[in-house]
Structures are given as C-alpha cells and as structure tokens.
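Quick look at what TrEMBL annotates:
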ACT_SITE  CYS2  active site, nucleophile
ACT_SITE  LYS603  active site, for Fru-6P isomerization activity
DOMAIN    2-216  domain 'Glutamine amidotransferase type-2'
DOMAIN    283-424  domain 'SIS'
DOMAIN    457-598  domain 'SIS'
Amino acid sequence: MCGIVGASGPGNQVPQLVKALSRLEYRGYDSCGIALQATGRIRSVRTLRRVTDLEQRLTTLGLESTTCIAHTRWATHGAPSEINAHPIMSGDAIAVVHNGIIENYQTLRIALSSRGYTFHSETDTEVIAHLIHSEYTGDLLVAVRRAVKQLHGAYAIAVLCANEPERLVAARSGSPLVVGIGAEHNYLASDCWALHHLTDRFIYLDDGDVALITPERIQIIDADGRDAQRPLFRVKAHDSAVDLGPHQHFMQKEIFEQPKAVRDTLAAIDTISPSLFGAGVDARKLLSEVDNVLLLGCGTSYYAGLTAKYWLESIAGISAQVEIASEYRYRETVTNRRTLVVAISQSGETADTIGALDHAKELGEPPATMAICNVATSSIMRATTLAYLTRAGIEMGVASTKAFTTQLVALLLLTLTLARLRGRLTAAQTGEWLDRLRRLPTDIESALALETQIMGWAVDFADLEHALFLGRGMHFPIALEGALKLKEVTYIHAEGYAAGELKHGPLALVSGAMPVVTIAPDDQLFQKLVSNMAEVHARGGRLYVLTDSSSAFDTAKDGRLIRMRDGAGMLSPILRVIPLQLLAYHVGCLRGTDVDKPRNLAKSVTVE
Ligand code: AGP
C-alpha cells in the first residue's frame, strides 16, 4: 500500500530517499513520485512506472536537494495515473504526500473550490494540499496543524513548503509514521524498514501528532497542541530478508523459511506460561479472568483466528468468536466483559484490525487485549496489554505464508496457556505438547519436500479459471486459506468450503472442468469427507486430495493423491497449508503472474 519517505540534511538526499522508497516497493504500488526543494522552489517528478524509472528521470534531470519527500501510491481515490500520483501540489508552494483516506474530502473540495482553488487530480489528497495552502500565513507547522483539524478519516502526511527550504512537516492519525534520527540528518517514513540503510534510531509518532523535521531538530506537537516527547527506539535491520538466495521469488523463499520461522517463534520457550504474553504486566491475572476469546483479523490473519477457534474450544474449553475486523468494527455486538480480545496481524498496521481493536476497547473494557503480530514496533503491538511476537522475519511477498504458520503457532501457545490455567492440561501433558511443537519444524520440512508432487498438480491448474477447496473441522479454515492463496497469486477464481456444505449449493459448480482440492487427513471426520468426495466424483469433478500416508484411497477412483505423514493431530492445519501455498506459488509461476506483487494488492493495508 502507499508508502511515505522524507529526508532533511546536508548534501544531496535524493539518492538515499530513492533507495528508501525502493525498500517500500514490496508493499505494492501503482505509481510513485518525489518532491524536492530546489533553490527556492519545489520540483516534483512523478511516474506511473517503477521506482527505478523515477530514479532514471531524476538522474536525467540532474535534480539534487537537501530536503525532499517521496511516495509510492496504491490508488484509492482516482485511477492510477501520473496526474493522481503523489506528491500533490497546491500551486508551486505546497507539496503533500499522503497515506490513508480523507472521508470528508468532497465537502472540503466544494468549500475550497468556492474559494478559488482549482483541482487537477481526482485524489482526496489534493484537498489536503489546498487546505494547508489556505491556512498558510508564514509557518508551515502552524498551517498543517490548522489543516489537519479539518480532516476526517485516516492519514499520514509529509509536507514541503517552497518558502521553508529545510523544513519538512509530518502529521498522522490512523496511519503509521516514524521519524528516523540520523547523525546530521533526520528522516521520515511510513515504515522504519524504509530507513534501515540510514539509521537504527526511530521515534514513532502518535495519533494526532504533528512534527517539524529539520536537520537539527525534531519538534512534536500532540493532538492537544502541547509539545510532546516520544520515546526513542533502536530497531535492528534484518537485511538478509531482501536477498532471494537460491529462490526465484520472495514467496518461494518465505514458504521455505517456515521451519526456521517456526523454530524462531518457539525459541526460548521452555514452558507454557502466561508470561509468554507479557513481561511487565500481570499476564497470569489477566488471562485467569477471561472466560471468552474474541479473535479479530483480516484475510489470512482472520483464517488463523478461525483455526484457533477449533483449538481454543476443544483444547482449552473456552468459547471463542472470530470476527472479520472490518465487519466487527461496525456491528452491534453483545459485550462480554470477561473477554480476551486478540488482534491478529502480520504487519500490525492493518487499519481495519486497529479499528476493530479500538471498537472492542470502547465497547466493553475487556480485561485483556492481546496482539499476535510479526512487527515488534507496530501500532497493534503498542495498543494491547499483552502480546506475542511471531518471529517469522520480514515477509516481502504480498501473499502471507510464513506469517500465517507462525501466527498459528502463537495461537496454539495461547490455547495451551489458557488450557493450563483452566486446569485442562497437566504438567506432563503440557510437556508432551511442547515436544510436539518442537518437532514441528522438521515436520514442515517433510511437507516442503512434497514440492515436486505439487508441481505436478500445478501443471493441471495452470490453464483453469476456477477451483474449489474443501476441508472439514479445523481444516475448513485451511481450505479457505488455500483458496485465498490461489486467488491472490494466480488470479484463478477459487472458493473454500466446509465440505459438508458442498451439497447445499456449490455442488452445482462441479463438472469435469472443476478441480476440487480436498484436505483429507485420516481423522474423525475422514469418512464424512470421503462421502463428500464421492459426491464430487459422481459428477465428474477432478479431485486433488491431500491425505495421510495410511489412509485408504483408491487413486483411480479418488483422483490425484498426495500423502503426508500420519499423526499430526491438532498440528495438522499448520502442515496441510504448506502444499497449498506451494500449489498457489507454482501455478502463479506457470501463469506468469507477479507472484510477489499480485495486481491490485498491497502488503500492508493501512486504509479502510
Ligand atoms: C494474505 O495473503 C493477504 N495478503 C491478506 O489477506 C492479509 O493477510 C491481510 O491483509 C491482513 O494483513 P495483516 O496480517 O498484516 O493484518
């Protein structure tokens, strides 16, 4: 999704800023641009192409500057086009880059038009630029503060003013922004990852903050107009994440990193205890007080929550609801004040999940909120009392893979912790669970070894336009995730269903042209699933079955089989999803899609 970077300091900052912008490319974008202070005026360069194109244009134009802002845009208001690309200018005086959505932009646009402002783009951002211009009386910081008070919606902005050559002003509400502190320079970004080649010292702006950034100082003014001090964080870079190694794409690399990601997520755990979820807070007391769990997330993170519901109810004996964050935040719900609210998010910046978490807090003052997240410094991690940091390492591919499996591991640890607190597990049983979890990375390696067989399936899928994924019980969410992965990276229309639902509608779709991927472990639902598969077979559907090594299947009748190791038990969803990730990846490669940056999608979805 949109990315912001900015820099102010001696020397030409353009090359560093372009590099910073390129570090945000993995998030997905459709255009990019830069605005820079150049001898008393602002120059702006925009392109509908990649950051490398922007770089070439800047070199050709020979543009240099000590103070600049740049942006990658993921279109919301207005089509992807050069005119809608940021920076957006108000005349020659003000340049703005913006992440987020201004909900009252139509009203503001009408008001500004009546005051003589002309709009050139279709963006909501243009109202911000004109609003700041209209409030400007000689101090950019003051003008931005006045302007943002009139905005409704979510935003992170960076602003330049032609009259104030070394000053860069930033503001945020609902979209992340971080200030990077250098030796002689100061920087700005929507994600500290962008600035890791420049600094490891960061200040996170709070909602409502407006900041003035010059080479010498950072001044932050909070929502109430007071000078604010925000803590300084040191955040280490993990630059190995940007090397593909022997892999062709980040998605493939990240699928194959799952044994390590799970091992790292489990590292340093020698026992199951509430302290896993919070050092400085009384996690035991908070978790002992809950009798219900509400899991919030979007997309793949929502499916992690759906899987955890099966674990929480059967292992910990605690009721659990899973809500799509964007739905929950606007729904009237019945509040249970003994609910643990768990926000699941890889990025920790998903606007819908942050909104849902805020909504849950407003509704019922739950005794505990918890983040399950892969980014230690993210907004969601800072907004909850309890947290579990998954240690998947940065995920560059838009399609979530290792983040999902590590979320599942974290959710299983939460389940075991609640089960222990509720007297559902003895110390010996807990030890057995830990042993099984420690074997998980090796089991994932076995699942990864199925890649060649999956590539055989992928050839069959490459020319298709539809697919069904079926599962039952805790594999139903894995069917949903398998379908989502296929949709995302191959653009094949895919649907996941609880296999028992087949006869209630989707069976009408089944014909000789419909591949049906079935997750069929030899568990208590196996015979039921075999019946569901027979329904598909009888209608000529093409079955692709992921089953166990010992389950009784007739390949001639039951379609193409891939057998996985027996005995995964409750850990089975974590293993079964891996062949489905590989399937999506290889079908995407065969169809020639951009598997790491699928069209229209963004990695970090910071707008509603
Ligand atoms: C996963 O492959 C997707 N790209 C997407 O569904 C993602 O899981 C969702 O946007 C939630 O993101 P988050 O985990 O960063 O909150």
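Here the Cβ of each residue, glycine as well, is placed from N, Cα and C on the backbone.
Keep in mind that what you see is a predicted model, and the values were worked out from it rather than measured.
Between the C-alpha atoms of the residue listed as 'active site, for Fru-6P isomerization activity' and CYS2 (active site, nucleophile), the distance comes to 10 Å.
Just so you know, the Cβ of CYS2 (active site, nucleophile) picks up 28 other Cβ atoms within 10 Å once every protein chain is counted. A mean pLDDT of 94 is what the model gives for the domain 'SIS' (283-424). Mapped onto DSSP classes, the domain 'SIS' (283-424) shows 66 helix, 29 strand, 47 coil. Of all the Cβ atoms in the protein chains shown, 26 others lie within 10 Å of the Cβ of the residue listed as 'active site, for Fru-6P isomerization activity'. For the recorded site, the residue listed as 'active site, for Fru-6P isomerization activity', the DSSP three-state label reads coil.
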